[in-house]
Amino acid sequence: MVDLSTDLGAGRRLPNPLMTASGCAANGKELHRFFDVADLGAFVTKSVMADPRSGRGTPRMAETPSGMLNSIGLQGPGIDAFVDEDLPWLKSVGARVLPSIAGSSSTEYAHVAATLRASRAFDAVVGVEVNISCPNVANRGLVFACDPLASAKVIALVREQLPRDIPVYAKLSPDVTDITAIAAACVEAGADGLTMINTLLGMVIDTDRMRPQLGGVTGGLSGPGIRPVAVRAVWQVRQAMFEGRMPTVPIIGVGGVRTGHDALELVAAGASAIQVGTAVFNDPSAPVRVLRELCELLEAKGFERFADAVAVAHGR
Amino acid sequence: MSERAVRARVTQEVAEVIATRRVGAYQHITLVAPGVAELARPGQFVALAVGGETSGTLLRRSFSIHKVSPSGTYGGTVEIVVSAVGVGTRWIVEREPHDTIDVVGPLGKAFPLPTEPVACVLVGGGYGSAPLFWLAGELRDRGCHVEMVLGAASEDKLFGVVEARRSCDGVTVTTDDGSAGQRGWVSDPLPEIIDRTGAGVVYGCGPMGMLESITRVAQAHGAVAQVAVEESMACGVGVCMTCVMPVVGSDGKTRMVRSCVEGPVFRGDRVRWDAFDGGHARVPDDAVGAPKVGGH
C-alpha cells in the first residue's frame, strides 16, 4: 500500500493528496450523495465573499472541446452564512476543509479571513485558499493575480488574519506573462503554498444569434482541454524553486484532471496535491475515482510514498 | 443499490439501452437503470454522460423521465424522450440496443401532488409532455379528474397523443400550423378547460414562453400552476451553478436558484418571468446579492 500522505506546509499533513476544486463542488452536500467527502484529503469550497452575491445572469455556460466556459460571477451566500451553515455541516461529516475566499478589495479578503477564523467550526479548516484570480469579476482580465504587488498585498493581509498553523494558498491565473514572478511575490508576502491554475479567460460566439453566447460575454475556460497549461505552469514555478529564484513551498495542481494518469502528470511536474474540478460535472464521483487510480498507478510504478513522485520529472 | 444511494435518493449507474425507437420528430429510449427506476417520482430527471469515458464532450445532458418500470423483465427500466439538436443529443439517439450510457438520477424535485382529489390540467409543449402521462396516472390513482393539452409547432413535433387519450379523461391538441388538432397555442383552450373542470392545479412542461403563459392563464382562472423548466445545465447535480433562474422564495425575496436541485418544478407564480428575454435570464435588481452599479 502506497503512503499517500502529503505535506500542505505550516505543519499540516493530509492523509491523501486529492481535493475538490473551488467552484466545481459547491459546499459539499451535493457531492456527499455520491461519495464520502471525508475520504478526500481536503474539500475545497466555492469562493466566498463578504456579502451574499447573486452572480451573473444566464446563459452562464458554453461547452468547448474537452471543456467548458463558465461565467458564474462568484455567486454565493456570503461569509456569515458560510460559517453558520456550510462549514459546520462539513465539520459534522468529518471533512477537512480548505475554504476558498475572494474579495473585490484587499480589505474584503482580510474581513472574510477574520470572520472565518472567529467561527465556531474553524477547527475543520486545514488551510485557506485565496482566490486572487477569478476571471468573472467586473474588471475581467485585471485580476489581482495579474499584478505581483496587488497579489502580495492581498496575501499579506490574509496571512495576518490567520493562525500560523493554517497554511495560506494563493490561487494563480495562467493568463500572465511570467507566472513565476507572481508566484514569488505571493510566497514572499507570506503564502505557504500555491494553487495552480485558475481558468483561462475565453469567449464563445453563438452563431445562430450572432452574439456572445454567455450572458457575461467572457468566461473562464476549464476542463481537460487546459491540462497542458496547468502542467506547464506547475513545472515552471517548481523549476524556479529548484533554481533558487524563490523559496520552495508546496504546490496544489489543478486544471483538467480527469483520471489518475492526469493527476500523476501534475504530480511529476511538481504538485504535492491535486484538485479535480470540471471532471466532476461529467462524473460526480471523479475525485475519489482519481484518487484510486492515482494510487494504483503509483503502486504499479513502484513508488512506496506519494511524496517520492512529487516533481520527479525535473532533471530527467 | 448501495446504502448511500438509498439514503441520498440518487444513484449513478451504467445503463444498457434495451429499446430505442423513432416517435415523430423524437427518439424514445428505454434504459435498464434499476436504481433510478426504484427512486424516481414524476417530474424528476436524469443526466446522461455523452460519448464514453474519454469523450471530449464533457457535460451531461438532462432529460425528464417519461416513465419508470421498477420491476420489468430486464430489471428496472427508465424511459426518456430525446430531441436530437446538438452533438450530445445526436450521440444519445444513435445508441443501439445493448450499448451503454452512464446515467445519474433521479435528480431534482418531483411534481407536488394534491392531497385532495381536485381536477387537474396537464399541459405539454412538444416533447415536454414526456413526464405528464406518468403524472396523469398518479393523479387519477388519487381520484383526480385529469385533462391534458398537448401542443407543438406541427403534428410531427407532438408527443404522446395516443397515450394521452389512454391515460386522461380528456385531451385537447393544438398545433401552430393546424396540421393536427386546433390551430393555435396551448394557452388558447386552457381557460375553457380550467373553468369547465374547476381545475385546482395546472401542470406544465415545455419552453419558458409557454410556461409563462400557462402561469398567467392559471392565475386568472383561479388555479395554481406547477411548471417544470428546461434550463441548460452542465452537471445536473447542483454543483456547477449554471442552470440558475430568478425565483421568489417563501420569504418574498428573489434569488438566483438552481433549477436542477430547487427545481425543475416550480410554482409558476414564484418565477420571475419579467427577467427572461430572448434566451437570457437577467438578475432582477431586487434579487438578493444583485450586482450594484458597475456590475460584479
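Yeah, the Cβs are placed from backbone N, Cα and C, and that goes for glycine too.
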Which of A:Asn16, A:Asn131 belongs with A:Lys46, A:Asn70, A:Ser71, A:Ile72, A:Gly73, A:Leu74, A:Asn198, A:Thr199 in the substrate site listed by TrEMBL: A:Asn131
Proximity to chain B among binding-site residues A:Gly73, A:Lys171, A:Gly223, A:Gly256, where any Cβ pair is under 8 Å: A:Gly73, A:Gly223
Three-class DSSP secondary structure - A:Thr278 (FMN binding site): coil
Rounded distance in angstrom between the Cα atoms of A:Lys46 (substrate binding site) and A:Ser22 (FMN binding site): 5
For A:Thr199 (substrate binding site), the number of other Cβ atoms found within 10 Å of its own Cβ: 26
Neighbouring binding-site residues, C-alpha within 10 angstroms of A:Asn131 (substrate binding site) - of A:Ser47, A:Lys171, A:Gly223, A:Gly256, A:Thr278: A:Ser47, A:Lys171
Sparsest-packed among the binding-site residues, when each Cβ's other Cβ atoms within 10 Å are tallied, from A:Ser22, A:Asn131, A:Thr278: A:Ser22
A:Lys46 (substrate binding site): tally of other CB atoms within 10 A of its CB: 26
Of the recorded positions listed as A:Gly73, A:Cys134, A:Thr199, the one whose CA lies nearest the CA of A:Gly256 (FMN binding site): A:Thr199
Length of the line joining the Cα atoms of A:Lys171 (FMN binding site) and A:Ser71 (substrate binding site), in Å: 18
